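S.K.: What follows is a structure written as structure tokens; I'll ask about it next.
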Amino acid sequence: MKSKKKGKNLWRDHYTDKAQKAGFPARSVFKLEEMQKRWKILRPGQKVLDLGCAPGSWLKYASQIVGDSGRVIGLDLKPMDQPDKPNAQFIQGDAFELTQEFLDEIGRDFDVVLSDMAPNTTGIKNVDALKSAALCESALAAAVTVLKPGGSFVCKIFQGEGFDAFIKDVKKYFTKHKIFKPESTRKQSREIYVVGWSKKGGSHVRT
């Protein structure tokens, strides 16, 4: 038992230390980096929306990829310091309250929407999976609303109840999709990422 715990701690320390050395607040950056290396989801000059962006690793990484000609906006209910890059902005608020005033502020012309959000977990697998799926459905609705036709969507979800229904919804709005588990994710973790490409024309907000 001790050796297993030690192994888990070493795994956690490796990615945490690696992130800190690279100047990122959380090791989640390596999950996005893996997807970026594989598919080039982010490109210079793009406009990107990062839902639930705190503590800011994905926001910072995306801003580095899109460069000075691009723009990244991060949204989260939790407070966070403004990014130190001029092409990145943090807005504190509910990412799912897409009022007309808010849409006028951020626009409807995003190339990519990212969501690394996770629900507050209970430890009950089915309950946590359903909570994750509900969060992802809300993220998908936001993405479909603000993405340009042809845009891309990246979302973390827990495997389990609600997963298949979410994939069906992704297929409705995106021409192609992939399901991916990064190497930097714990093997025993049920979290997985869904990537949707080439958003179909039109928009729809779920109520």
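Quick reminder: no glycine exception, Cβ is built from N, Cα and C everywhere.
Residues or ranges marked as S-adenosyl-L-methionine binding site in Swiss-Prot (evidence: sequence analysis): G56, W58, D76, D94, D116. Residues annotated as active site, proton acceptor in Swiss-Prot: K156.
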S.K.: Should the residue listed as 'active site, proton acceptor' be counted as helix, strand, or coil on the basis of DSSP?
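M.R.: The residue listed as 'active site, proton acceptor' sits in a strand per DSSP.
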S.K.: At the Cα level, what's the spacing in Å between W58 (S-adenosyl-L-methionine binding site) and K156 (active site, proton acceptor), rounded?
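M.R.: K156 (active site, proton acceptor) has its Cα 13 Å from the Cα of W58 (S-adenosyl-L-methionine binding site).
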S.K.: Go through D76, D94, D116, the listed binding-site residues, and name the one with the sparsest Cβ surroundings, counting other Cβ atoms within 10 Å.
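M.R.: Looking at the binding-site residues D76, D94, D116, the Cβ with the fewest others within 10 Å is that of D94.
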